[in-house]
């Protein structure tokens, strides 16, 4: 991997409901020193190109990949986040703090066409894209992209119906549906959900067309050279030809002479699908969507919650090197198509599971860290403390006690390289106080360990390196060696009482 993920920490530096004030690039640039102090090693920035909704577009309704907030298109020069020069300045400011920048790459579709074209198409079933509905017919499809505001600057490629495989609207009849353009086929190496899940939205880009592949290769090399980003996040890979991205990533890595860390968004709770997509090449990491759904289901399970199996079926359990773990993101927020928001009471436990364990590359959601009024999402009070413990003390061998459905724990033994390191973590949904005997290593025998999250108290490590660690009745309890507790920059949080999960 190009990015060092050993106790690395990624920030998703946006949410769906950020204000559309054009100031986000400036805010991120100003925030860069704080992000370094918080321990972030990479920042995932939102899509930087012009979208169909202009200043209101989050970046996924892609209109023009070449317009990074430079040309008067879709009623605006700037994007939702600012101007091209501000974007480039933000990248440099973040990198100047020793933090890697990940760009959000959205190549699956185009939206906001400049005109419609009459084409022959076959409507297909929404539930099975291989199943035709009726006979082929002529439709008016929004597939003409000529970018008049850019007028051929930077690149003069024009998109038309031959560049796409399908659309979701017929202007002639004003009918919505899924229409496969005649002479085109869905890609075969995509998710088999819906029969074939090549089509997602807008005008679906034909990644099998050689002109299109050349255009996306040309754009990628220009974009990476211009921005100097350190890696990429690939949007909606389950809807895109797997072989295309293997080729595209290989080309980008050769062109830049760098390994280019890459994480793909394959939205499926099925671990088998993710492992199949990774394949033998392991050309990228994937977001651990199955783990997110474990968190979501646990947070809404009530008395049926089972902590002992919270990691079951996760990518981090099967392939920790290629797992980017997360709690929530922009797609899981309320009122989004993939809404599956982890409930507030469980978020500290979920973040402990991705931040304080050895495996995986955790990604912190901006809304959870700072709290964003536009989102209606409060900050997670424990998060900064958990991040500090990850950065400074969560090192060394890991031992697990996932043996009770309502009380689990693990320890980190620490290393000589990281002074005073080590940690003991308990997650509990048991009413009242509880304790679990756990071992932190004989090297800690005789030490006093202090609870810095969940309760106020200490334990003494026995000659065998073990101790009984009380929860103090808290949902999440964290113990550190006394020497580590004394060094904390964040104030210990001593009360997270049971019953707060409402």
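Note: Cβ is positioned from N, Cα and C throughout, glycine not excepted.
Remember, TrEMBL labels are computer predictions, not curated facts.
Owing to the predicted nature of the structure, the values given are computational and were not obtained by experimental measurement.
Summarising the annotation, TrEMBL assigns domain 'Glycosyl hydrolase family 13 catalytic' to 8-411.
Just so you know, the Cβ of residue 239 (Ca(2+) 1 binding site) picks up 25 other Cβ atoms within 10 Å once every protein chain is counted. Under DSSP, residue 239 (Ca(2+) 1 binding site) is assigned to a helix (H, G or I) in the three-state scheme. The Ca(2+) 1 binding site annotation in TrEMBL covers 108, 198, 204, 239.
As annotated by TrEMBL, Ca(2+) 2 binding site applies to 206. Counting every protein chain shown, 23 other Cβ atoms lie within 10 Å of the Cβ of residue 206 (Ca(2+) 2 binding site). Mapped onto three states, the DSSP output places residue 206 (Ca(2+) 2 binding site) in coil.
Annotated active site, nucleophile per TrEMBL: 235, in sequence order. The C-beta environment of residue 235 (active site, nucleophile), restricted to residues of the same chain at least 6 apart in sequence and closer than 8 Å, consists of 47, 60, 104, 105, 106, 107, 108, 265.
DSSP assigns residue 265 (active site, proton donor) to coil in the three-state reduction, outside any helix or strand. Taken from TrEMBL, the feature active site, proton donor covers 265.
Residues or ranges marked as Ca(2+) 3 binding site by TrEMBL: 406. The DSSP secondary structure for residue 406 (Ca(2+) 3 binding site) is coil. The Cβ of residue 406 (Ca(2+) 3 binding site) has 15 other Cβ atoms within 10 Å, all protein chains considered.
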Long-range same-chain neighbours of residue 204 (Ca(2+) 1 binding site), Cβ under 8 Å, sequence gap at least 6?
108, 109, 164, 165, 166, 167, 198
Can you name every residue in this chain, apart from 108, 198, 204, 239, with its Cβ inside 8 Å of the center of the Cβ atoms of the recorded Ca(2+) 1 site?
109, 165, 187, 190, 197, 199, 200, 205, 236, 240
Within 10 Å of the Cβ of residue 198 (Ca(2+) 1 binding site), how many other Cβ atoms can you find? Include all protein chains, please.
27
Look up residue 198 (Ca(2+) 1 binding site) in the DSSP assignment and report helix, strand or coil.
coil
Across all chains shown, how many C-beta atoms besides its own are within 10 angstroms of the C-beta of residue 265 (active site, proton donor)?
18
For the domain 'Glycosyl hydrolase family 13 catalytic' (8-411), what's the mean pLDDT in this predicted model?
96
